[in-house]
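Participant: Okay, handing you the structure first.
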Amino acid sequence: MTKIIFMGTPDFSTTVLEMLIAEHDVIAVVTQPDRPVGRKRVMTPPPVKKVAMKYDLPVYQPEKLSGSEELEQLLQLDVDLIVTAAFGQLLPESLLALPKLGAINVHASLLPKYRGGAPIHQAIIDGEQETGITIMYMVKKLDAGNIISQQAIKIEENDNVGTMHDKLSVLGADLLKETLPSIIEGTNESVPQDDTQATFASNIRREDERISWNKPGRQVFNQIRGLSPWPVAYTTMDDTNLKIYDAELVETNKINEPGTIIETTKKAIIVATNDNEAVAIKDMQLAGKKRMLAANYLSGAQNILVGKKLI
């Protein structure tokens, strides 16, 4: 069986790892260190580590791979192939050169579009109607290696980061399973990326999460979809942060002051943007409160919201 080092961290990576364990010989798993999670800051292993532990696989968790003791240990292994999926670190050249068949990456976009750490988020934020999976050879430059295989998938109007993450995770494992035999047999072909067409999807920053209502409704709607259910777009109402998990677009008869609550219904808080498409907030969370449907919030506040300004 093909001896593989797998490198990945979040839930997206676990589907790929499970497939590799079933089909090949995974001799080591490399992932990020355990991190404190939640209000109580409980040290929690990354999802990939949990899968590796279930199968009693050796796990390496360097804070930074380059120059680490873990790297030296990995370089001693007899390995055929390195597979990465959302690992979160660049690989040093010494590790890229180690496996006989090279190092490949499962990336959640149609490269060269959306190189970087947040391709699913950015595709939705930008209003793309499709994205996909790319299997590519790894090089020193980020997400710039030759493309081995690609498969596209449609982004539906009601998709958000959560739903697309789950679809792409399955697609990534399936496409890798189809692609690996030709890589192992040495019969695959690969094509260089056109660097002139490259776009980038950097990790989401806190400032990217704040909603600017002085934009077209479609842009605000896509921002909400593209950040839900994590890290979640937010605005401010009465000096209190308000996270918005779900919304929809509604037509308005006139353009109102952006950010103004122009109407409430039984199920939504309708907020003006800078065009005639308003955003109807349906699922929300006020700072310090539990997440709730707008309908539940409105049962006690419907009559006092119209005219308020979100900033």
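Using N, Cα and C of the backbone, Cβ positions are placed for all residues, glycine too.
Bear in mind that the values here come from a model prediction, so they are computed numbers and not experimental data.
Sharing the features that Swiss-Prot gives for it:
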type	residues	note
BINDING	Ser109, Leu110, Leu111, Pro112	(6S)-5,6,7,8-tetrahydrofolate binding site
Participant: Using all protein chains shown, find which of the binding-site residues Leu110, Leu111 scores highest when you count other CB atoms within 10 A of its CB.
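Facilitator: Counting every other Cβ within 10 Å of each candidate, the maximum falls on Leu111.
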Participant: What other residues of the same chain, not counting Ser109, Leu110, Leu111, Pro112, have a CB atom within 8 A of the CB centroid of the (6S)-5,6,7,8-tetrahydrofolate site?
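Facilitator: After dropping the recorded site residues, what remains is His107, Lys113, Tyr114, Arg115, Pro119, Gly132, Thr134, Asp143, Ile147, Gln150, Gln193.
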Participant: Which one of these binding-site residues, Ser109, Pro112, has the sparsest Cβ neighbourhood, judged by other Cβ atoms within 10 angstroms?
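Facilitator: Candidates: the binding-site residues Ser109, Pro112. Fewest Cβ atoms within 10 Å: Pro112.
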